Amino acid sequence: MDSLPHHHLLPLPPPPRPPKTYPKHLPSSSASAVASPSSLRVTSAASTTISPTVPTTTTITDSPATAFWDYNLLFASQRCESPDPIPLRLAEGSLPADFPAGTYYLAGPGLFSDDHGSTVHPLDGHGYLRAFDFRVGGGVYYSARYVATMAQREERRGAGSAWRFTHRGPFSVLRGGKRVGNVKVMKNVANTSVLRWSGRVLCLWEGGDPYEVDPRTLETVGAVDSDGRGRCWWPGVGLDVAAHLLKPILGGVFNMPQKRLLAHYKIDPKRNRLLLLSCNAEDMLLPRSHFTFYEFDCNFELKQKKEFVIPDQLMIHDWAFTDSHYILIGNRIKVDVPGSLLAVSGLHPMISALSVNPSQPSTPIYVLPRFSAGETNITKRDWRVPVEAPSQLWGMHIGNAFEERDGDGNLEVQLQVSVCSYQWFNFQRMFGYNWRSGKLDPSFMNVAEGKEKLLPHLIKMKIDIDSSGNIRCCSITDLSEQWNRPADFPAINPDFSNRKNTFVYAAATSGSRRFLPHFPFDSVVKLNTSDGSVSTWSTTSRSFIGEPIFIQRGVKEDDGYVLVVEYAVSERICYLVVLDAKRIGRANAVVAKLEVPKNLTFPLGFHGFWASR
């Protein structure tokens, strides 16, 4: 088979003549400036301690054409699967004897183009589950399979490689399929996150039910139903008049589930519980939000369900919990009437029906009671009234949240979050996808110099609540004064979830590439929240990384390993990199580097899960 996975997101024309001068930024017209990468020089990865100045850890030949080529190769489709585990070759280092046995599952899209001229947004790409099995006695084995959702089975014709997109998906418009009048919108691709709980592996997506896969073979077991016909996790609830009118349209015409299970879940290590959150599908079109929280024990038995109706139109991607609260960062949205008409007609993506709502200068933070007042001695307060954070921020991902109470009963809630600006966030242009051309343009993800704060970055949010339930103040500061570059996917030692932690790890940018200065990420940053110190490990010059994940080894908080996938687009190979968390910032941070066979190179993944044995 060809060593390069099928890639139809962009045509690759012959190398153009190089421009005489380069702009400070990758221009939006760079789609026509694709060049051969043969002249690029690659150096080894580096690990550095950060100062406020931008380090230069690599030497590369940088150009708009190279940037465009590299960015699009990061999203090259992979049609091949590997159902039988294959051993991975050690490309560097060795796994220590004390490395724990377990499986690293990584969710993400695998396919972005069909055989009839249609391409889809990365968020609409069919779920492609990867598994890295660290076995007892050594050896790492890799397998990967598509999640056989209903849409995937329909769009993949037989066991061969022929694909035809029939579902529009929320973010895409079909070119080679039915366009106008196509009501197949909710294309459940199960591509966003993965979870192993009570022996079951679930692949989650933002707009529908999770799909269960066999933890050993990765074969799809089936959807986990929420409509009462299968494994029902949540019953229906009463709806208002507007919801009653919308429900048959969304469910009967567009096949949207009554409740949308959010892709982000939480694990409470203190109570050994899995926490899930759902919202009502029709709430996206109404000036209110209906959220339901669920808590399951280690046997997947439902221990608690709490419902909240918030008088605000919100879109939540990630959320947080503490010992006594659920916390939502309220990303405000609104219905776009002209966009709705174009979306329903099939001329625009369905997401065009919504837009961000920057009507307020502050950010609403909803601090919701997790238990009754009698259980936790919480003073009652009106949870429908949000805490207004002092700046307008769109919440992306939450690394940790915890609360501390003093002797007088006053409460301090702290969140470690990646946020971006309403001015930058755009539903239709995420990842730089242009639904009109069906191509990816990295210029959207790399804004003009001096506007880096518009992009995802790390903050610390503190909320002070007195013993009577009154909000005394809410403050927002950078997670570290020594770090001011874009970063996302904050991760911590999971043993410190829901309690005060010192270290946060995140995917970040080194700033070493002139034409891809902010995204894709190429570094793992380790931030010390106590003293503000920062250290990083960076990949080679034409490689990128995904979400880091922490695997604990000892008792100390940073005694463990950080797993991260390195996408070496210059080699067209993926590596699984094992970093020593204590040595990030030093030259010997890499413990091992495992090579995925070239014919199985996969596109950028989203969220992963470490399942220890």
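Backbone N, Cα and C define each Cβ position, glycine as well.
Unlike curated records, TrEMBL annotations are generated automatically.
The shown structure was predicted, so the numbers you read here are calculated from the model rather than taken from an experiment.
Residues or ranges marked as region 'Disordered' in TrEMBL: 1-38.
Here TrEMBL flags 11-21 as compositional bias 'Pro residues'.
For 24-38, the entry in TrEMBL reads compositional bias 'Low complexity'.
Look at TrEMBL and you will find His317, His397, His607 tagged as Fe cation binding site. Cβ contacts within 10 Å of His607 (Fe cation binding site), excluding its own Cβ and spanning all protein chains shown: 23.
Of the listed binding-site residues His317, His397, the Cβ environment within 10 Å is emptiest of other Cβ atoms at His317. Excluding His317, His397, His607 themselves, the residues of that chain whose CB lies within 8 A of the CB mean position for the Fe cation site are, in sequence, Thr192, Ser193, Ala263, His264, Asp318, Met396, Phe489, Phe606.
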